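Over in TrEMBL, the protein carries these features:
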| type | residues | note |
| --- | --- | --- |
| SIGNAL | 1-19 | signal peptide |
| DOMAIN | 8-144 | domain 'Lactate/malate dehydrogenase N-terminal' |
| BINDING | D34, N97, V121, G122, N123 | NAD(+) binding site |
| BINDING | R84, R90, N123, R154 | substrate binding site |
| DOMAIN | 148-322 | domain 'Lactate/malate dehydrogenase C-terminal' |
| ACT_SITE | H179 | active site, proton acceptor |
Amino acid sequence: MGCVRFFIAYSLLYSIAKGDVFGKDQPIILVLLDIPPMLPVLDGVVMELQDCALPLLREVIPTDKVEVGFKDLDAAILVGSMPRKEGMERKDLLKANVAIFKTQGAALEKYAKKTVKVLVVGNPANTNCLIASKSAPSIPKENFSCLTRLDHNRARSQVAMRCGVPADAVKNVIIWGNHSSTQYPDVHHAMVKVNSNEVPAFDAVKDDSWLKGDFISTVQLRGAAVIKARKLSSAMSAAKAICDHMRDWWFGTLDGEFMSMGVYAGGNSYGIPEDLIYSFPVHIKNKSWTIHDGLPINDFSRAKMDATAAELVEERDTALSFLSQ
């Protein structure tokens, strides 16, 4: 088998290099792209990876050059972005990130394989992903996605804890929309296995007010809660979510289950504006995702889905005004 090459961040390296994501028989080449001041740190990371003696790891390439970092990639995980600083307005944050993801998209266009699968993690992830896609016009839009799997996992875990069951007893929660505080964690179509029987989440939880209130806000604000508690943003859980996202993209979702991914909204059946990266429930087979169509949407859900779409439209329009400059 050929080697998988991709751009990645430190917190993910061990899981990927030992085969948890792309398979236990898939040789790996890790390409670590960072800014020049970080190259000495990358040298230390290379030493650590060598010291792990991982049988699948064929090569580690540290670099600060995009022509090296993006060459012949099979998978690109774009973790870095400009964080919001004190006193920075949202439009300033968007402008800085447009410059970053325009450059990365152009590098993907020029150097990566046209079949590359791109996962954008750096926030604002949905709009950064859209900019990267627009900057790589010869790579199919379907090859770009942004991470909402962390939110999906958070929602799944909250329901599981409430019901006193393992997390894998909960399936088909949905994150709709933006990876922001407007996202809509939806359990109207989720099922929970209780005593060997699958029942709707609302029947399993037996607390509609919690599911329509504190549950939603807990998932929406979980990242901020983690930062407040540990003085750092999510790392372990984010790395796990990235691995989950890429493994499902590579090997597919289970029959009867869908997962949440931020994907191109073109052709969706839910009335979401098309030129967005929006989180939907998706099925994946043969490395291709399809939006799970036909779910009934009640008025409560519709209002929340439209609100997060409106935020994304505003973000997109602001970002595109910078892209054209």
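The backbone N, Cα and C atoms fix where each Cβ goes, and this holds for glycine too.
Feature annotations (TrEMBL) mapped to structure.
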residue	record	contacts (Cβ under 8 Å, 6+ apart)
D34	NAD(+) binding site	V41, L42, P62, D64, G80
N97	NAD(+) binding site	S81, M82, G122, P124, T127, N128, I131, A319
V121	NAD(+) binding site	I77, L78, V79, S81, C146, L147, A238, I242
N123	NAD(+) binding site	S81, P83, H179, S180
R154	substrate binding site	P185, T218, V219, R222, S237
Among R90, H179, the most crowded of the recorded positions [Cβ within 10 Å]: H179
For the domain 'Lactate/malate dehydrogenase N-terminal' (8-144), residues assigned helix / strand / coil by DSSP: 64 helix, 22 strand, 51 coil
Segment confidence, the domain 'Lactate/malate dehydrogenase N-terminal' (8-144), expressed as mean pLDDT: 92
G122 (NAD(+) binding site), number of other Cβ atoms within 10 Å: 22
Where the record names D34, N97, V121, G122, N123 as binding NAD(+), the maximum Cα to Cα distance in Å: 17
